[in-house]
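Engineer: This is the structure I have questions about; it appears just below.
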């Protein structure tokens, strides 16, 4: 009898500690992922959270069946406590989940913001780059445009990459743009790309595991040759001209083309940028 009670208590303790630790860890990780805004982390944590709830649910069903099979709750109160602890875990898990959702909704709010291309400061040029890929991987191209502080076209470019991923096309476009800018004797540059991944790779200390690490290393070497340089993210509404050139790269037969005059199908977007035309976009803001 004593051994049975001890075995039951140990089983209860293991289950409470196990599900309790998982619940605490998941809620903490979920909150962090919401605040960091990482889609990959959010998806991973939500999947783990779902698996956790499924596991707790079946454990609760098992405990409930155990209660039904008992002659009386008074005769075997340990089974009742076992089931109760599991259902309490379910309740508090959902409770903390909704508390986190409430805290997140209060912490973050959506607002409409006007987005458009912004000219760089005087004595600076701005490089906008983009990729074009109908799949990942698929036939891909990269391209970009360099403009001065007046919004005037300095030079554009487009590259055909064959079958490639969008990240490879994006980093090739960045490399081409940086090299063209240096060849044009510009030493002060703003760089804009709509790819968070490329910015992360450039800032990462270790990119040796990537198949295109040599292109990333080339970009880092080129960036160090500028007197002043800043790489930043741009929404697609502020990157339309570069997008046109990237699409041209995906269609063209030549490997690499330099455009010294604006392309006809990019002229409207180029004019919009020079006039500082903005487009509404819903963005998440801290508040």
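Here the Cβ of each residue, glycine as well, is placed from N, Cα and C on the backbone.
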Engineer: For the feature transmembrane segment as recorded in TrEMBL, pick the matching range from 16-34, 111-129.
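Structural biologist: It is 16-34 that TrEMBL describes as transmembrane segment.
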Engineer: Across the domain 'RNase H type-1' (121-251), what does the pLDDT come to on average, as a whole number?
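Structural biologist: Here the mean pLDDT over the domain 'RNase H type-1' (121-251) amounts to 92.
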